[in-house]
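What Swiss-Prot records for this protein:
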BINDING   Cys3, Cys6, Cys18, Cys25  [2Fe-2S] cluster binding site
BINDING   His249, Glu273, Cys317, Cys405, Cys433, Cys458, Glu492, Lys494  hybrid [4Fe-2O-2S] cluster binding site
MOD_RES   Cys405  cysteine persulfide
Amino acid sequence: MYCVQCEQTMRTPVGNGCAYAQGMCGKTAETSDLQDLLVAVLEGLSAWALAARSVDIIDHDIDSFAPRAFFSTLTNVNFDSERIVGYAKEAIYLRESLKSRTLAKNAAIQVAHPKAEIQLEGNDLASLQKQAQRFALNNDKAQVGDDLHGLRMLCLYGLKGAAAYMEHAHVLGQYDDEIYAEYHRYMAWLGTDPADMNELLDNAMGIGQMNFRIMALLDKGETQAYGDPTPVSVNVRPVAGKAILISGHDLKDLQMLLEQTEGKGINVYTHGEMLPAHGYPELKKYKHLVGNYGSGWQNQQSEFAKFPGPVLMTSNCIIDPNVGNYGDRIWTRSIVGWPGVKHIKGDDFSEMIEQALSLEGFPYSEIEHLITVGFGRQTLLNAADTVIDLVSQKKLRHVFLVGGCDGSRGERSYYTDLARAIPQDCLIMTLACGKYRFNKLDFGTLEGLPRLLDVGQCNDAYSAIMLAVNLAEKLGCGVNDLPLSLILSWFEQKAIVILLTLLSLGVKNIYTGPTAPAFLTDNLLAILNEKFGMRAITTPEQDLQEILSA
């Protein structure tokens with residue numbers, strides 16, 4: 001096992017990365033190794049997808065399958081070895097079919113790619129794990145050096161994040177052939193073990209640029225399906241009655257759940273990154289979408305244990321449900337998996353709904369505690385002139401974007417302390433699950449504007465970017481000249497690709513934490529600092545002083 005993709009990976013004096021029987025996330029060495037094998041097979045599949053495109057064969061089934069299967073290898077998504085092998089088998093089946101059709105059109109085509117012909121060597125997990133070790137990500141790390149290895153990981157993990165957003169957009173019916181072709185190019189290229197530092201840096205930025213277009217596609221899918229989010233108050237306390245909790249990012253799953261539970265006397269609660277769903281007109285119209293439950297994903301074992309109904313995981317993040325003894329009440333969808341947990345393959349939630357009806361639900365309603373969400377792209381753009389007026393009148397000094405992934409590391413209290421310390425003449429935008437560090441606090445208003453603006457899910461960084469671009473255009477300056485600072489928290493691969501997106505767009509002086517990715521060496525961090533001014537967080541007091549005195 002070698003895995004260094006998330007913020008909680010092991011860090012030791014002799015090297016970084018989870019490398020024993022089980023990773024810090026709970027992923028076994030078996031599952032981790034099999035995910036490496038799956039990635040290698042997918043790299044070969046992308047090589048054939050490119051070859052097929054050269055003879056005008058575009059297979060939409062492969063285009064949708066490839067990033068979805070890749071998504072299953074992200075942190076806290078799929079811990080089920082059998083399902084990982086299932087994805088690998090399906091990838092090989094699709095590859096062989098595509099290969100036959102491609103060669104039938106042009107028998108002279110050759111795909112000289114090191115992973116284009118991988119076959120599974122055995123049917124049992126032990127044999128496949130042994131084969132998988134040939135594709136471990138650190139096999140040539142000692143030969144190529146830590147810097148080059150780190151850049152490979154930056155590209156790989158960034159592309160994983162982009163693949164996740166591609167799947168979210170695809171679920172909503174969004175498809176762009178140019179994006180899928182570009183994805184296959186990057187995936188196939190990674191499979192060749194690239195060894196040029198400049199090429200790796202350039203392609204890291206290219207992956208970021210591609211992801212900007214993917215986020216635009218996802219924004220289009222969400223707003224076309226559910227309308228533009230508008231500000232709404234959300235109750236974060238339980239309401240008496242039967243209950244289902246839905247977590248993850250997939251708004252379509254939430255819509256289907258709301259449709260199938262309507263009129264059945266079941267209250268639906270959002271968890272984690274589902275919180276922004278309350279702002280969408282076509283979702284908040286359901287009266288039994290009663291509120292949000294819980295906090296950051298890392299607290300789910302204690303919070304889900306107390307939830308008196310079933311829990312539906314639609315994407316990341318899932319962690320061991322056996323710790324809280326709720327394994328019989330948690331259900332997975334799509335790419336999510338945990339051994340022994342019930343998985344819903346189709347769109348019929350009736351079995352889970354029956355379970356909800358059989359459980360006690362909440363016995364009484366607690367006193368409401370309301371928070372506000374729904375400051376989506378259009379709402380932010382509509383407020384642009386107001387923001388400019390407040391800046392020109394010197395009533396608004398600075399805007400802070402404080403958000404990203406949450407996690408269990410104690411240093412993450414920095415973000416709570418920072419938000420509390422931000423002066424009253426400043427606005428705070430937030431997004432992703434990092435918001436749970438402070439989104440239940442009362443920040444008041446500034447000239448009628450809420451000081452805390454919840455922009456949405458992690459992918460809604462697109463909304464913040466579009467606001468910044470709009471403000472810069474109206475003010476006749478660059479984005480980096482705005483009174484705007486980004487203080488980001490990272491945990492996994494979606495955060496990595498959002499960072500690459502921001503850097504590829506030329507956004508500078510980003511603060512990141514709570515720690516640097518373990519795959520980025522001091523040399524690589526120095527390069528990012530020199531090129532982009534990217535820096536590590538220090539203390540709230542020191543960082544605020546530096547930002548506000550600039």
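If you go along the chain as it appears here, the first residue is 1 and each next one adds 1.
Note that Cβ sites are derived from N, Cα and C of the backbone, with glycine treated the same way.
Features recorded in Swiss-Prot, as mapped to the structure shown.
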residue : record                                  : Cβ contacts under 8 Å, 6 or more apart
Cys3    : [2Fe-2S] cluster binding site           : Thr9, Gly17, Cys18, Ala19, Gly23, Lys27, Ser32, Leu137
Cys6    : [2Fe-2S] cluster binding site           : Met24, Cys25, Thr75, Asn76, Phe491, Glu492, Gln493
His249  : hybrid [4Fe-2O-2S] cluster binding site : His168, Glu273, Met274, Thr314, Ser315, Asn316, Gln457, Cys458, Asn459
Cys405  : hybrid [4Fe-2O-2S] cluster binding site : Glu7, Ala432, Cys433, Gly434, Cys458, Ser489, Trp490, Phe491, Glu492, Lys494, Ala495
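Under DSSP, Cys433 (hybrid [4Fe-2O-2S] cluster binding site) is assigned to a helix (H, G or I) in the three-state scheme.
A helical conformation is recorded for Glu273 (hybrid [4Fe-2O-2S] cluster binding site) in the three-state DSSP classification.
In the structure shown, the C-beta of Cys317 has more C-beta neighbours within 10 angstroms than that of any other entry among the binding-site residues Cys18, Cys25, Cys317. Within 8 A of the CB centroid of the [2Fe-2S] cluster site residues Cys3, Cys6, Cys18, Cys25, the other residues of that chain are Val4, Gln5, Gln8, Thr9, Met10, Gly17, Gly23, Met24, Lys27, Ser32, Thr75. In three-state terms derived from DSSP, Cys18 ([2Fe-2S] cluster binding site) belongs to an extended strand segment.
Classification of Cys25 ([2Fe-2S] cluster binding site) by DSSP places it in coil, neither helical nor stranded. Other than His249, Glu273, Cys317, Cys405, Cys433, Cys458, Glu492, Lys494, the residues of this chain whose Cβ falls within 8 Å of the Cβ centroid of the hybrid [4Fe-2O-2S] cluster site are, in sequence order, Gly272, Trp297, Asn316, Ala432, Gln457, Phe491, Ala495.
Under the three-state DSSP scheme, Cys458 (hybrid [4Fe-2O-2S] cluster binding site) falls in the helix class.
Around Cys433 (hybrid [4Fe-2O-2S] cluster binding site), a 10 Å sphere centred on its CB holds 25 further CB atoms from the protein chains shown. The secondary structure of Lys494 (hybrid [4Fe-2O-2S] cluster binding site), as reduced to three states from DSSP, is helical.
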